[in-house]
Each structure stands twice: as structure tokens, then as C-alpha cells.
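I am attaching a structure below and will ask some questions about it afterwards.
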Amino acid sequence: MKHKQRWAGAICCFVLFIVVCLFLATHMKGAFRAAGHPEIGLLFFILPGAVASFFSQRREVLKPLFGAMLAAPCSMLIMRLFFSPTRSFWQELAWLLSAVFWCALGALCFLFISSLFKPQHRKNQ
């Protein structure tokens, strides 16, 4: 059980990254383009990183990053196979790599916020 808990952050990030990617590929395509800000959808990738960092064993950043890096090629394959590509391969690759960045940033933000609320144990000298 302990071995599975070590990889809970990576698995959680892998699944949530693909879910967010599919959600943005299906539902949000027209909304952000009509507003003139297609990159706003990338901010949704902060959520998988933060949630995965919460489920990581010691509130790590590397396990969510690893899960996002594994999910990016799977997401690219799913988007290429099941959706008609509207952008070139290189544009979608750049979009997915920036999504990995935002996912890691979400894990870092959660780590920062949780360190602010963690009680400090200081020795009085």
C-alpha cells in the first residue's frame, strides 16, 4: 500500500492532465478564441498540479511533474486521433509543453501555500 501511495501524485496528475486537456479540446475551443484569448485555457492546468501535489506523499513537485510529462504524449495522441487538428503538430506540442509548465507551477503554488499554513517548530535558544 505504501508503494502505491508514493505514486499517487503522479497517477493523479496523469489522469487529471488528460481530463483537462480533453475538456479544453472539446468544450472550450470556441469560447476562448471568440474572446481573443486562447491561452487562458492553459490556466486550467494549474489544477492537476495542485491536486496531485496534495496527494503526493511529502507534498512533492517532481511526482506531479512526472505525471504531466507522461500525460502530454498521451494527450497529443488522443487529440490527433479523435479530434480534427486545427493547429499544426508543432503548435500543439508547444501548447502541451506549456501545459506541463503550468501543471508544475500549480504543484509549486500548492507547496508554497501549504508551507505558509504549516506550523513552524522553532527552538527557543
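Just so you know, glycine gets a Cβ as well, placed from its N, Cα and C.
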Regarding membrane topology, does Swiss-Prot annotate R6 and K63 with the same topological domain?
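Domain labels match for R6 and K63 in Swiss-Prot.
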Any residues 6+ beyond the ends of the transmembrane segment (65-85) with a Cβ under 8 Å from its own?
9-15, 17-18, 21-22, 25-26, 45, 48-49, 52, 92-93, 96-97, 99-100, 103-104, 107
